[in-house]
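Record features, source Swiss-Prot:
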BINDING   Arg381  ATP binding site
COMPBIAS  500-511  compositional bias 'Basic and acidic residues'
CROSSLNK  Lys14  ubiquitin cross-link
CROSSLNK  Lys508  ubiquitin cross-link
MOD_RES   Ser4  phosphoserine
MOD_RES   Ser137  phosphoserine
MOD_RES   Ser503  phosphoserine
MOD_RES   Ser504  phosphoserine
MOD_RES   Ser511  phosphoserine
MOD_RES   Ser515  phosphoserine
REGION    487-517  region 'Disordered'
Amino acid sequence: MVLSDKELFAINKKAVEQGFNVKPRLNYNTVSGVNGPLVILEKVKFPRYNEIVNLTLPDGTVRQGQVLEIRGDRAIVQVFEGTSGIDVKKTTVEFTGESLRIPVSEDMLGRIFDGSGRPIDNGPKVFAEDYLDINGSPINPYARIYPEEMISTGVSAIDTMNSIARGQKIPIFSASGLPHNEIAAQICRQAGLVRPTKDVHDGHEENFSIVFAAMGVNLETARFFKQDFEENGSLERTSLFLNLANDPTIERIITPRLALTTAEYLAYQTERHVLTILTDMSSYADALREVSAAREEVPGRRGYPGYMYTDLSTIYERAGRVEGRNGSITQIPILTMPNDDITHPIPDLTGYITEGQIFVDRQLHNKGIYPPINVLPSLSRLMKSAIGEGMTRKDHGDVSNQLYAKYAIGKDAAAMKAVVGEEALSIEDKLSLEFLEKFEKTFITQGAYEDRTVFESLDQAWSLLRIYPKEMLNRISPKILDEFYDRARDDADEDEEDPDTRSSGKKKDASQEESLI
C-alpha cells in the first residue's frame, strides 16, 4: 500500500505532536529578565500553563519552576527555590511538558519532608506507588458525601461544643503570640476516630492518619513539631511537610498542595481517614501577594490579589468524602489574624469557604487559660451530623446548647458585676458567675498532654450544669434531663466521698487481712 504525500504528512504531524506531548524537552537560553521570584523567557514554543521547567544555572545548580503565565511566545515562570544567582545570559531553561507531580506511597507516613517534598530526615527517597498532580483531580459534586461521624481531638472545647465531622474543613483563627502551634501539636497527638461506646475509644486506629504542613515557620517552631511528634509516637502515623521562614517564599505556594495530594492518596486509594493540618495560611497568602506584586497585577484589598478567594478555595475544597471510597479528608487550616483583626481579608475569605471556625482568644490567654479557645465566636456548621446517639451520645446536642447559653449569660453577669457590684446581683446572676469561673477553669482549661474522650468531656459538662437546679436548664429536653442530671449527681457524690469514711474503710480492710493471717 502506497501512501500519498498528504497522508504521510498527516502521519508525521501526528507523530511530532505526540512526541511533544509525551516528552518535548525543549531547551532555551532566552531569559530576558528576572523580577522577584519570576523569570521571563522570550521566543518560547508550545508553552503550557502550569508546565514544569528546569533552570540550570552557570554553576550547574538545577532549580525547578512553573509556568505561571503565557503571552504569545513569552512565558513567565515562578521559580520555587528563588531567583538569586540566576544569570540572564548563561541560564538554560528546559521545558519538561509535565505538570508538577509528587511521588506518593504509604511509606510517606513517619517521614519528614521540606516544602518541596524532598526528604529531610536522613531517610531514603520515597519508593513511589504512584505519581500524582499536586493540583488534584476535580471531584464531581454529585459524588461527594455529606460529612458525618466525628473526629475526636481530645480537647473538650472542640469535641463537646464545636465537634468536627469527618470530611469537614474548619479553620483555627489565632493571632501572633497565641499558642496555636501547641494546640496543633496536641490535636496531632490525640486525634482519632470516635467509637460509639463509652468504654472503647481507640484514637490510634490503623486507618487514621495525619498530614501536617507548616509554612513559613521559624527553626524553633519546626524543631518543636519534629521533637513533639517523635517523642510522643504520633510521627508513625504522620507525614510532615516543613517550609521554613528562611526557605524561598514562593515554595509556600506548593507546600499545602503537596500535603493535600498526599492526603488524597491516603484517603481515596488506601481508604484511610486523614486529618490535614495546614499552618500558617497567612504565610501562604503573603506568598500569593508577593507573586501578584511581581506580576504587576492590580491589587485587591490590602494589596492581596483579587483572585485570592478562588485560590484559597482550590485548597480548602479538597477536603471531603467521595462516594465509593471509605476514606475521608478533614482539614484544619490555621491562620494568624494580623492585629487580631477578624475582618482582615485572609480570615474573612477563609470564613466564606470553610464550615465554621475555632477562635483562639487573647483575653483567655492572658488569664493563663490553656487552650484559650473562646467558644462563643467559635462555630462548627456540620456539628449536628457528627454527634448524637450512635455516633457520640444522645445528650451531646442538648448539653452543647445549654453550655453555650449559660456561658453567654455568665459573661453578661460578669459585665453587670463590673458596673453595679456583686451586692446588687440576683441569686441567678451569682450562679451564672460561679458557672463562668468553673467553666473556664475546669472545662476549657486542660493540660497540653491531657487527652479527654468526648464522653469524659460530656460527664464533666454535666457536673458543671448541676450548679443550676433542673428547672433552670431550659435548653435540655425533660427526658434527657431526667436521665443524665441525677446520674451526674450520683457520680459526683461518689467522687466526693468523706475522707474519714475512706480512711476508716482502709483500717477495716487492714484488720480483716490481719485476722486472716
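Our numbering is plain: 1 for the first residue shown, then up by one each step along the chain.
Keep in mind that glycine also has a Cβ here, set from the backbone N, Cα and C atoms.
Note that the structure is predicted; figures quoted are calculated from it, not measured.
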Nonlocal residues around Ser137 (phosphoserine), in sequence order (Cβ under 8 Å, 6 or more apart): Glu264
Cβ-Cβ neighbours of Arg381 (ATP binding site) (radius 10 Å): 15
C-alpha spacing of Ser4 (phosphoserine) relative to the residue listed as 'ATP binding site', in angstrom: 67
